[in-house]
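K.L.:
Taken from TrEMBL, the feature compositional bias 'Low complexity' applies to B:360-376. The compositional bias 'Acidic residues' annotation in TrEMBL covers B:378-391. What TrEMBL records for B:67-162 is domain 'Cytochrome oxidase subunit II transmembrane region profile'. Under the heading domain 'Cytochrome oxidase subunit II copper A binding', TrEMBL lists B:166-345. The feature region 'Disordered' is assigned by TrEMBL to B:285-304, B:353-391. Residues annotated as transmembrane segment in TrEMBL: B:6-24, B:45-66, B:86-113, B:134-155.
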Amino acid sequence: MDPQTHNPPAAGLAAAPDAHEHSGDKYQSTFITKYIFSQDHKMIARQYLITGIVWAVIGALMSVIFRLQLGFPEEDYAWLRPILGKWIIVNSDGIGSIAPDFYYAMVTLHGTIMIFFVLTGSLSGTFSNLLIPLQVGARDMASPFMNMLSYWLFLLSTLVMGASLFVSTGGFGGGWTHYPPLSALPQAMSGSGAGMTLWIVSIMLFIASVLLGGINYIATILNMRTKGMSLWRMPLTTWSFFVTAIIGLLSFPVLLAALALLTFDRSMGTSFFLSEIFIGGQPLDHIGGSAILYQHLFWFLGHPEVYIVILPAMGIVSEVLAVHSRKPIFGYKAMVYSIMSIGFLSFLVWAHHMFMSGMNPFIGNFFVVATLIIAVPSAVKVFNWIATLFQGKISFTTPMLFSIGFVSMFISGGLTGIFLGNSAIDIQLHDTYFVVAHFHIIMGVAAFFGTFAGVYHWFPKMFGRFMNETLGKIHFWGTMIGAYIIFWPMHYLGMAGVPRRYYRFDSFQAFGQFDSINQLITIATIITFGLQVLFILNFFFSIWKGRKVTSLNPWKANTLEWTTPITPGHGNWEGPIPEVHRWAYDYSTKGAIEDYVPQHHPVERQGAH
Amino acid sequence: MTALLVLLCVILIGIIVVQIGKVTELASKIRGEEEAQERTNRTQAGYSMIFMVLFLIGTVVSALYYKDSMLWYGPNESASAHGGSIDYIFNLTLFFTGIVFIITQILLFYFAYKYRARRGVKAEYISHNNRLEVIWTAIPAVVMTFLVVGGLEAWNEVMADVAEGEDFIEIEGTGYQFAWHLRYPGPDGKLGARDYKLISASNPLGQVWSDEKNLDDFHPSEIVLPVGKKVRARITSRDVLHNFYIPHFRVKMDAVPGMPTYFVFTPTITTEEYRAKLGALDENGQPKYPEWHQPSDPDDPESPAKFEVFDYELACAELCGTGHYAMRRVVKVVSEAEYQDWLSKQQSYYESTIKGTDNDPFATEAPAEAEALTDASQDMEEAPAEEAAAE
């Protein structure tokens, strides 16, 4: 079936006059303009994805290193010395151990890289870039140049972060939350010197990148939808990218401001966050600042940030579940409204990270209520996903498996959020392994599962080939089981009160009795990390050697990206942009010949919807 | 050499797996894509069910297995007056979320299994169902309300400061890199003023010696508290953020430089009682919690059992630098008589360390300045010991 034949001659609003010039690849005729400084949203998406994969591997390797320390602190790590150099301390008996400074730098950079670079930069960068123009029917982003700039700032920021590990005082080790005074005073920790300066520079560049990207996504969605693509006809992927971009645009500048003030405190003698500090043998002059103020500023970004991470994954999963169950997503409008209300509420819950920070406990009341309200739209989304499976015709493809895995993880991680959002319980669970388990399951593993689902599902659109399904399935089951074995037992550690960010546990009776759990987690981490090699092999192998896509619409999906050529060129559609006549979820409608009706198919007069 | 071998094995396994992937793909081509997909659906749907069963069993069994050491049952019971209310809300939440967890996980995997694609079966077009959606929006909302109300009631009670005229002991914990420095108010029951600019090797807290309330303050190396008496911990920090965390008491509060915080709690079980509880035997004479009967030093079977050396511990729960993991202080809860006995043995920091040295502000001149301050401290009387014991 050739979708082109259904296209009415009228093109959308987007770039219609010069459409033909673009499809002639005038703008990407050389290797450099095509593959490096590309302004094509699809190429930028691939750049984001591959950069993200590289950083995900580095971030995961860091977790393997600190898990070694947590699981087997007595082991001899002298063999790591050729790679890690002075960060492995070798004692007089020749036994090497991981230096605490290095351990904390690993913990910090693991969090920073995974949250900012992989799950914010790369996840949004890949799929918003790839899918927004293709799904709303646009030739490219509103500003392709800004889009390119966004990627290069992103890459630059990751390189600065990487470099911060190699300064002589080491990378920053105060946690990705980088609370002052620890992050403000080089005397407090060796990583808080040059390492922290580079950390700040890197995150500032990153914020610029996110803002450039976000403005672009919003402008493209609002202004460049093809004819007939009303907001209420957009697929949930685009909806979630849209709301994600808005959240990012409103919250990231606050972190930028906070980082600027922190820089002033670090180098210009101001006292925004510092007061009455005696460190390194002498009192500092800073008086009147508030360390808690910084936490408010940070979490005003920090909490929306977790929705910036999870919303795109939710959108991807909603789309994949519908396509592979051959059913409309259940409660489309409820899904959109819950994305919106999650987006809105995400700005009203930040201080639930700060119940035990010393802020007035009375304020906590408000944030408890707001936090538990946000559980309602989240619950609605879970029920809708499950209802989408009901009476479907489910193909167990790899993207579908990852989507089911996502829902399972989202349930497990979401429910533990109800414990932590309740301030009374948080007294005991705050900053314990319960928190680590919670956020890794819900925004680490779940967001990764959403990413994997998206990669396996849209790989044919990105590279014109399929990824290997068998390898994909081994990857899925291995990761699913491995991730639960890693993070589930952490709940028990947390309930026992074991604090997070400890270099070792044996100095305390209460925390030192769980060696076997820690060893289990470490071994599972190494195996699960090893399994990701399978994904990487599969990914790069399939780019060149994967099974070729032979039909325009291999998953028989309704959205517009599948009306483009198998490997769309610059400008996406060779002819005019298709016009949209229906929503994105006409799967298995009664009376239709096939079990799907793409969005550009005209509605017959007496037709459904 | 071994590293090389391991690397070789890994590469080999990788190649084998890739080959398997290629072979199955070829096989599916030969068999016809549709049939291959149906086979895959069958096996994968089966795996989903197996996974679901094992996963749910795993979660329940592991919870039961770790119940003793972790789930706030048995030995990990709270040892403070407010701890019970936190544990109650926790268990209430566990109950509700446990139900939701099991039902939703079962539905998710069961639907996936049941509605796997089969030839001749069509999916049903179900786009929404308003009644159903209202119901499943309302149920979580109601349950949440229930949990929020319970949680907030406990929260506001736990976090309340001591009331005017209430009888309590004030102690002070000051975090610094990397230990807790403790201070008790001494016989006057009042902590003296501090100025961080006065901090020095001989004056670790920067106490203002012209404030008479400081003169009887003492700095113990461990926290000792009488059972059943309200304690207000004044929590401060000298350098970066720390967190005053006593897991058994369900006490946790950040220590913020420049802004003292507090946490009010009442220990209810003495250290001796808690040790006895951990070492308890069941009706058959077997240890109830065998893990606590192991020798405290694993290399020395003759060392006392773990329960015999158990202590409450004060820890740090806010990342504060490289020594964050080692800020341990012992907390002892004793009877009122033992507490008074301990108190009587403590010497004020001024008496023991400052008096008569070069740092003594009173060494050269009479404490004229201090007299002005005495008025304020006189109306605070020390709580009579009998009254506290009667509580």
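From the backbone N, Cα and C atoms, a Cβ is placed for every residue, glycine too.
Show me how these features fit into the structure around them.
P.N.:
Taken residue by residue, the domain 'Cytochrome oxidase subunit II transmembrane region profile' (B:67-162) breaks down under DSSP into 69 helix, 2 strand, 25 coil.
Beyond the region 'Disordered' (B:285-304), the same-chain residues lying 6 or more positions past its ends with a Cβ under 8 Å from any Cβ of the stretch are 68-69, 74-75, 278-279, 310.
Outside the transmembrane segment (B:45-66) by six or more residues, the chain places 101-102, 105-106, 108-110, 112-113, 116 with a CB less than 8 A from a CB of the stretch.
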K.L.:
Tally the residues of the region 'Disordered' (B:285-304) by DSSP class, grouping H, G and I as helix, E and B as strand, and everything else as coil.
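P.N.:
Per DSSP, the residues of the region 'Disordered' (B:285-304) fall into 4 helix, 2 strand, 14 coil.
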